[in-house]
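Trainee: Relevant sequence annotations retrieved from TrEMBL are reproduced here:
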type	residues	note
ACT_SITE	Asp75	active site, proton acceptor
BINDING	Thr14, His15, Asn16, Ala17, Gly18, Lys19, Ser76, Phe161, Gly162, Tyr163, Asp164, Lys184, His189, Arg190	substrate binding site
BINDING	Glu46, Asp75	Mg(2+) binding site
Amino acid sequence: MSRKFEGDQILVATHNAGKLQEITEILAPFGVKVVGAAEMNLPEPEETEDTFVGNARIKAHAAAQATGLPALSDDSGITIDALDGAPGVYTADWAETGNGRDFMMAMTRANDEITAKGPDAPRSAQFRCTLVLAWPDGHDEVFEGVMAGDLVWPIRGEAGFGYDPMFMPEGYDVTCAQMDKAEKNRISHRGRAVSAFIKGCFSG
Ligand code: IMP
């Protein structure tokens, strides 16, 4: 049984505005005030692990220790079947330019690498999200969510963030960047991980 979250304020240990906005929207009905890491002037710890859960643990524990508040972190990314699961934990790195992140560059790389595998290469991919809630005493709880889909080219849509414009969830004929936010949150890897977190830490 998961440890319950008690209190009215949760620190979301991310500097990513897109993630923070989605988590804030999903938690809105639970009456918890969400505070972002940037608002608390927290440094961004280095993500030195090679798993989503390892990196999520680093971010959540660093924030809980620094603030004395329970801290929720998100480590997420995309795994592409034709590329043996790449970029995975390196999803953000594919967008790094040395002068900010360029997701058009990252999506172009993903498309180019799949195309280089030949015409029969699968276009299937998964968005994955691991959430870790860490308490200042060192305890943590882990929650995961996955959304399966296909990578389309050219990209479509302007909403969302990151790789959303090339990701078409299974059963849809629009990309995540063509969906309204509530619909994406309902089916997304992050929405599913947050639902598991709510079920584990808020109810019963
Ligand atoms: P990290 O968890 O900060 O290491 O980075 C996760 C990477 O995956 C970022 O580059 C995000 O843009 C990308 N990513 C995670 N979730 C989503 C999503 O819901 N839509 C689009 N891109 C995402």
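From the backbone N, Cα and C atoms, a Cβ is placed for every residue, glycine too.
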Trainee: Please report the number of other Cβ atoms within 10 Å of the Cβ of His189 (substrate binding site).
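Mentor: Other Cβ atoms found within 10 Å: 22.
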Trainee: Of Thr14, Glu46, Asp164, the binding-site residues listed, which put a C-beta under 6 Å from ligand 1? Please answer none if none do.
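Mentor: Going through Thr14, Glu46, Asp164 in sequence order, those close to ligand 1 turn out to be Asp164.
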Trainee: Which entry in the list of binding-site residues, Gly18, Gly162, has its Cβ near the fewest other Cβ atoms, using 10 Å as the limit?
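Mentor: Each of the binding-site residues Gly18, Gly162 was scored; lowest Cβ tally within 10 Å is Gly18.
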Trainee: Long-range neighbours only, meaning 6 or more apart in sequence with Cβ under 8 Å: which ones does Asp75 (active site, proton acceptor) have?
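Mentor: Residues satisfying the criterion: Glu47, Phe52, Val53, Asn55, Ala56, Lys59, Val89, Cys129, Thr130, Val132.
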Trainee: For Thr14 (substrate binding site), which of the three DSSP-derived states applies: helix, strand, or coil?
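Mentor: Looking at the DSSP assignment, Thr14 (substrate binding site) belongs to neither helix nor strand, so coil.
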Trainee: Would you mind checking how many other C-beta atoms are within 10 angstroms of the C-beta on Glu46 (Mg(2+) binding site)?
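Mentor: I count 10 other Cβ atoms within 10 Å of it.
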Trainee: Can you tell me the CA-to-CA distance separating Gly162 (substrate binding site) and Glu46 (Mg(2+) binding site), as a whole number of Å?
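Mentor: Counting only the Cα atoms, the answer is 20 Å.
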